[in-house]
């Protein structure tokens, strides 16, 4: 993409957002026209109408369970217009990391186009601040296994649905985001071999790399933790021009061997830089001197990885990628200079039809920083009707058969850009920890871990990763928090951490229940190093893609395999005494 076309993209964005209400009206009309024959819409009596008033009065708000019977028919091979006018030929699989069961979500060419619109917009603003010109991107991206459903529909992750399309590849060329690695590495049969070769290809093209990317911050941190373990092997491969025997997949070996040539000078340079680093601080700019930034989704459940990612990135800016889900895109990051913790997303009014359910916390019940699930809901409002400073749940209508679909995301309106809102992601609304009247979300858990981990700072330790579980086999039930640490901590410190975790859950339902002993003392369980990598491997064995993996912050009892992995890796256990028992 030239600077000129970046300007054109920004100008188009400015034009569309100046008249967001009209664009929303036109977008809904377009969606309803092309899907007028859909059984789902007809069942609710829409009758071909395309205006917002008729649409909202006929079609109810929904969650995935409501539309699952329709999608299951598509999975089973029903080619009639079930949720869209044209038959659905591809399905995306959501991650399924919490419950162990992925969801099927319809995918079509229109969703591909909205993806490219989102990417082009954020790239244009990014390139204005950090121009990259010609070059390559070190991308830790991975395809996943494709499955054919009973009805002959191709199902895979949303990212793989993109990577396998020629139109997507062309779009990535336009925005200077070509991956260093050949397709055979991206679609390799073994994640560990693909990761190794991503690192290798990145080093081979180290002078040409202008950006470092993965879908999620977790994948970036995992990549460089792996680099710490294999960097000497990578140097040997580059010095000798021979790919390590640990890469056994023929497709990967053949593709990477074509670009791997003996280069002792480069190997020596990498070796000297690595041994000169202090605890791997700034490894990314040291080895990729022309990289302008590190890019990926860094909000929500990815925030706990930012500290480690900043360590690897040194002085390079971290830029949070765009806001969306497998169900569809919402907004672009148009201010890449803002740190991830403060990032906002401008909603693109042409990529879907958006509504927002106003959420209010009961007066006096919640503290300012609590992300509790307690909310009073009002009727949904339109994109241009939201108010700055207020919080909402996002509702999306997309081009692929989701109508008034509740995403379950809580957002705050930070400001308006022209007439479209800029959203700040607050948390997933879904409940994580609950025993009786207590209600805590993923954000509450994250805040509790941040607070309790301060006790580790004196021993220069950090929480590498964490998750949680509700233990109901005892009476009363209790919260169980699992930590994987960077090293060994004393019993005294970990006991303090357990108490701090217990006290950090400030939801009134929790504190009241603890005081009257209807919830038992919180338990902190310490895990062996490598436990979360084992959970990742389990996820991959189910056909998931690492670029889609999110550590489950809460493990549902139905996810027995992950619970088994956690249980057999517990090395120490500490019960809170914060409430005196």
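Yeah, the Cβs are placed from backbone N, Cα and C, and that goes for glycine too.
According to Swiss-Prot, the protein carries these features:
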| type | residues | note |
| --- | --- | --- |
| BINDING | 92, 115, 161, 324, 325, 326, 327, 328, 329, 561 | ATP binding site |
| BINDING | 95, 321, 322, 323, 324, 326 | jasmonate binding site |
| BINDING | 159, 160, 161, 162, 163, 534, 535, 536, 537, 538 | L-alpha-amino acid binding site |
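Residue 324 (jasmonate binding site) and residue 535 (L-alpha-amino acid binding site) have their C-alpha atoms 25 Å apart, to the nearest angstrom. The distance from the Cα of residue 537 (L-alpha-amino acid binding site) to the Cα of residue 327 (ATP binding site) comes to 25 Å. Taking residue 326 (jasmonate binding site) as the reference point, the binding-site residues whose C-alpha atoms are within 10 Å of its C-alpha, out of 92, 159, 535, are 92, 159. The Cα of residue 535 (L-alpha-amino acid binding site) lies closest to that of 325, out of the binding-site residues 322, 325, 327, 329. Using a 10 angstroms CA-CA radius around residue 92 (ATP binding site), the binding-site residues that qualify from 159, 321, 322, 323 are 159. Each of the binding-site residues 322, 327, 537 was scored by the other Cβ atoms within 10 Å of its Cβ; the lowest score goes to 537. If you check the binding-site residues 159, 321, 322 against residue 329 (ATP binding site), the ones with a Cα inside 10 Å of its Cα are 322. Looking only at other Cβ atoms within 10 Å, the busiest spot among the binding-site residues 325, 535 turns out to be 535. Taking the Cβ of residue 323 (jasmonate binding site) as centre and 10 Å as the limit, one finds 26 other Cβ atoms among all the protein chains shown.
Following the DSSP three-state reduction, the secondary structure of residue 92 (ATP binding site) is strand. The two recorded residues residue 327 (ATP binding site) and residue 321 (jasmonate binding site) have their Cα atoms spaced 17 Å from each other.
Between residue 323 (jasmonate binding site) and residue 159 (L-alpha-amino acid binding site), the C-alpha separation comes to 14 Å. Closest to residue 159 (L-alpha-amino acid binding site) in space, going by CA atoms and restricting to the binding-site residues 321, 322, 325, is 325.
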